[in-house]
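S.K.: Pasting a structure here, questions to come.
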Amino acid sequence: MNAMNDKWYSGMARTEDWWAVWLGLIMFMASVSSLWGWELTGWMAKPDTWVWEKFSIEGVLKSSGKPEWHPALSLLVTYLVFTALTCLAAWSMKFDLKQFFIGWTILFIMTWVIWIIGNEAHFKASVYEMDKYGLSWGLSLGSGFSYLLALLVGLVIGNFFKNTARFLNEAAKPEWFIKTAIVFLGIKIGVMSIEAAGFITELVMTGVAATFVAYMLFWPIVYALGRRVFHLSRDAAAVLSSGISICGISAAIATAGAIRARPALPAFVSILVVIFAMFELIILPGFYTAIAPEQPIVNGSALGLTVKTDGADAAAGAMLDELMRANAEANLGIVWKEGWILMASLTTKIWIDMFIGVWAFVLALVWVYKVERKPGQSKIGLMEIWHRFPKFVLGYLLVWFSYIMLASSGSEAAETLHKAAAAVEGPMRNMMFMLTFISIGIITDFSKLKGMGKLALLYAIALFGIIAPIAYGVAWIFHRGMMPPVL
């Protein structure tokens, strides 16, 4: 292990994983302060649905909890608060602070411009809202269009304006943005847990079972394919198998460290993970909506088992949630509550993430005592699992259970807490999703696939020929017939 990992608290101020926890907890504590009469939320801006013919600042933006504020003031405060917090984190993580600040500001402006455009009624409004906005036509794409538009803009920058992309890379941190949003998503899950405790329990338990069954199939099949068909070395097959079977980049890096693989391997696999995650993000939400519009929880769970980065999974889950709810309202006459399909995807993904440390530990033991046959060369302990464990999961669980305990203290406390949290949670989480989409596009460079033909071919075959079909089958077995609450 390196020096950074010699203490349990190492990295708490220097890693994106931990800073996702700190930023999420800061926002959660701002919400909790409402219980003592402090109003520290409500300043967050959020876009509103609007039409081209009636464009105005007041029409496209609004304050999430302070209606007396001008929307421009809410947007300015939103920028100042998040700029201060992210720059503090960037300084602590030893980023180039000046470059991060400039890049963050550019990303923030682009994100909000795209978000506002994506909320134009011709793009977003459902068929039931046409009369409300005076529309004669509309695409009824829902909020998912904003995410897709952000991704497309990012891809254009990442592949056609590469100097700009390289400059923005210091601020384009999709994994950090999405992990921060997921930590705060814990409060939304807390609300859902109180509203539908039985359903949450069933979803969590079936999610654990589905994840375990799927993973026990994924890794050995992909590893065997890599070794016997593609004739990869043991370390290459192991790193790629973990990357595509567990959770992408984190698993590839953890596995490489555990088995002491060649340094280039996790880098190659990470590139493949990011690029293929982009394809999954674009294809799978619409595909699942089309093939099984009446199985929302199956689709969400299958997405969580298939998409291999936290950022892309959360982003794809948000898009799937929007697409399936819009489709159900338009074609089935059912209005599902927001967030439950996304939660099915994230819950499954989080169980997979929690397995990283355990699997890295198992592989380390196998490599030391079986593959390398050099006992005593490496000392494996519980601290290894701790340092591999995704810390944002701890933040997510802490916020989730803390909200439940605080809200359970009385109906008045629950109402106060919910009002204060809702003023920040939804807009903040969605803004982080938007930042994730545009950042994924910016860091995705298709030209980097050159020279990785064998690994790329194996990754594609394993993903679409093994992982996706098995994931959907397992999700179908464990989640078939489960439905989100109806409004």
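Backbone N, Cα and C define each Cβ position, glycine as well.
Residues or ranges marked as transmembrane segment by Swiss-Prot: 19-38, 71-93, 100-119, 139-161, 181-200, 204-226, 269-291, 350-369, 389-411, 426-443, 456-478.
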S.K.: Count the Cβ pairs between the transmembrane segment (456-478) and the transmembrane segment (269-291) that lie under 8 angstroms and are 6 or more residues apart in sequence, then report whether there are at least 3.
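M.R.: The answer is yes, given that the two segments have at least 3 Cβ pairs within the 8 Å cut-off.
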S.K.: Check for me, if you would, whether the transmembrane segment (426-443) reaches the transmembrane segment (204-226) - at least 3 Cβ pairs under 8 Å, residues 6 or more apart in sequence.
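M.R.: These two stretches do not touch.
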S.K.: Checking distant contacts: for the transmembrane segment (204-226), what same-chain residues at least six beyond its ends satisfy Cβ-Cβ under 8 A?
M.R.: 232, 236-238, 240-242, 244-246, 301, 304-305, 344, 347-348, 351-352, 355, 359, 458, 461-462, 466-467, 470-471, 474-475, 477-479, 482
S.K.: Compare 19-38, 139-161, 269-291 by their Cβ pairs under 8 Å to the transmembrane segment (389-411) and return the stretch that comes out on top.
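M.R.: Between the stretches 19-38, 139-161, 269-291, 19-38 has the largest tally.
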